[in-house]
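J.: First the structure, which I've put down as structure tokens, then a few questions once you've had a look.
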């Protein structure tokens with residue numbers, strides 16, 4: 001409906017109306033006259049028009065009138081102007097071809113994968129079409145692909161016995177860039193419900209064929225469709241924006257059905273892509289699992305028997321006998337390149353373990369059997385098939401395992417290899433040691449089919465792959481053969497611990513897989529579940545100590561009271577252990593507690609004795625703190641010691657001694673943060689130790705004693721070492737120990753002074769000589785100079 005404008009016009013307001021001959025008289029009159037003519041004659045009529053507007057008198061109110069303006073004509077005009085004309089995009093064909101060839105693909109070798117995929121699609125189309133029209137198959141032979149390089153001519157030919165193309169299809173498919181014949185065929189299949197909806201066809205973008213110009217100066221396509229009696233040849237050059245189609249008239253070049261693509265290789269690529277072994281390697285890498293046989297032209301050798309006649313000797317009349325000899329001769333023949341079948345496409349119940357192991361060794365060039373494998377298919381939101389393995393041995397270089405760009409996962413789309421170069425898209429870094437294949441029909445790829453695009457589908461795939469991997473590892477841990485999981489933990493345990501740090505969302509799956517030594521299991525690793533099963537009912541925490549070796553963990557003074565109370569302590573002896581446990585925090589509602597930090601609560605304490613010790617040794621603690629100054633935050637009575645005189649513990653929120661040692665060893669560590677993150681050190685003393693009792697007496701009776709002060713200083717330096725810390729000046733500490741040893745050992749065994757040994761007496765010399773003369777040598781001690789066994 002056209003918009004309607006309502007307005008009240010007074011004589012004065014009529015002056016603002018646009019000038020039009022309809023509002024004026026034939027004579028040249030003034031504005032007032034025009035206005036009178038309008039009032040007297042124009043408004044008497046039922047309506048008037050002006051510049052496309054239709055004005056209509058609505059009503060009169062005194063000296064003014066109400067006029068309605070119907071703008072239908074204006075609306076119609078604006079609509080016609082807004083519609084405009086339609087134009088189609090124009091493209092410079094040569095420029096577009098240049099972009100397709102040089103910008104889509106990162107590796108030249110991709111051309112063979114794309115052309116083999118096109119050949120596979122042609123065979124699939126023939127197979128589908130023959131369901132309703134069996135005559136299409138005819139007697140043109142089996143459905144197969146053949147690749148023949150020719151080093152002399154510098155060409156490589158890819159032929160198939162597929163559906164072929166008519167003249168119109170050549171123009172439509174090869175003459176139109178980004179026109180996918182496979183996509184059209186799939187749409188036709190979807191419309192024809194009788195044939196079903198098979199999604200095994202590979203092509204989708206319509207540009208794969210043009211990858212041939214990556215390596216070729218000229219490409220010829222000879223094709224014959226079973227729907228046509230004529231064979232056509234399509235020919236184009238790499239730097240041309242046009243192509244030629246002609247009918248094949250040479251009987252020698254006639255083919256019964258299918259397509260034959262010949263690439264005239266560039267000078268730089270002739271030697272590489274006409275090498276038969278190189279071509280076969282590319283087929284095995286990219287098209288190993290294409291559902292049709294692929295044959296390559298290979299040089300072979302065989303042993304044959306030949307008869308040779310010997311020359312007759314002089315004087316012999318009878319001819320010599322013919323002797324048979326064997327020799328090796330070389331010949332050329334077709335060889336099947338894709339022998340290995342896609343094991344993931346089969347039913348897992350029909351596959352033996354040896355078949356899985358054999359597939360693993362061939363695919364990943366391994367010599368050891370895998371420790372475990374899992375074969376699964378996911379359906380629903382994302383459909384994909386996968387077989388993943390745990391290798392039998394870790395790589396020699398640990399960086400290859402932690403590197404997220406390892407080539408351990410091979411991605412296939414419809415059985416065609418796409419890539420094995422990922423940056424954590426399918427597996428997190430800590431699971432990058434897992435090897436396997438993933439095949440999906442739903443993956444979002446870029447046009448070159450080399451790059452996996454980030455999308456919701458990829459995230460779902462990653463989540464399911466990780467979950468299946470954990471299920472496989474957990475099954476290995478629960479198996480009766482404990483040796484397999486011991487091998488797994490020996491090779492990959494530290495990377496599972498890395499998952500505690502990097503993947504907080506999977507802590508529930510990672511924690512049951514962890515294994516550690518403990519104070520009750522020093523020879524065999526135990527799980528956290530076993531630790532909890534061995535716990536006392538009153539124990540509310542999982543205790544651990546982090547050190548640099550198993551030996552230092554066993555002798556650490558922090559464990560003395562816990563061992564007495566039969567409390568098990570986990571030994572964290574690898575550098576990553578402490579950080580991993582700190583990221584876990586709890587397991588089955590049990591907190592992880594570091595026994596080397598302050599405020600250790602063991603329960604069952606004698607409060608009366610504790611108060612007594614506090615009163616007895618409060619003066620000693622203050623005196624020692626005064627002597628040590630800022631070296632310690634405070635000195636207090638310990639509840640964790642039984643045989644050691646003292647120990648240095650870390651604050652709750654600072655680094656432990658082990659962590660401080662690790663941070664100092666970092667190549668790119670920031671030493672300025674060491675003091676800040678080191679936290680405070682607290683000295684705990686054992687009130688039952690004789691040294692502490694002696695120092696308690698000293699602080700009461702001789703607080704200014706130099707010997708007592710030196711003892712406190714040496715006690716602190718010694719506790720640094722026994723607690724796992726590094727002394728600031730090891731040489732200074734050594735000097736103090738030597739000095740104390742000299743005081744303790746001075747004159748104990750009747751040491752002879754230098755002044756006494758300077759003037760030896762004659763009687764001493766005589767006694768010495770007599771002692772030498774009367775020395776008796778046993779026969780077994782006698783050695784002659786000529787004895788060769790004692791040199």
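Cβ coordinates are placed from backbone N, Cα and C, and glycine is handled just like the others.
Curation plays no part in TrEMBL annotations; they are all automatic predictions.
Quick caveat, the model's predicted, so the values are computed rather than measured.
In case it's useful when we look at the structure, here is the feature table from TrEMBL:
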type     : residues                                                             : note
DOMAIN   : 107-269                                                              : domain 'Histidine kinase/HSP90-like ATPase'
BINDING  : 114, 118, 160, 165, 180, 181, 204, 205, 206, 207, 208, 209, 259, 449 : ATP binding site
REGION   : 303-325                                                              : region 'Disordered'
REGION   : 752-791                                                              : region 'Disordered'
COMPBIAS : 755-778                                                              : compositional bias 'Acidic residues'
COMPBIAS : 780-791                                                              : compositional bias 'Basic and acidic residues'
J.: Among the binding-site residues 114, 160, point out the residue whose Cβ has the most other Cβ atoms within 10 Å, with all shown protein chains included in the count.
T.: 160
J.: For a quick check of packing: other C-beta atoms within 10 Å of the C-beta of residue 259 (ATP binding site), how many?
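T.: Other Cβ atoms within 10 Å of residue 259 (ATP binding site): 24.
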J.: Count the other Cβ atoms sitting within 10 Å of the Cβ of residue 208 (ATP binding site), across every protein chain shown.
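T.: Taking all protein chains shown, residue 208 (ATP binding site) has 27 Cβ neighbours within 10 Å.
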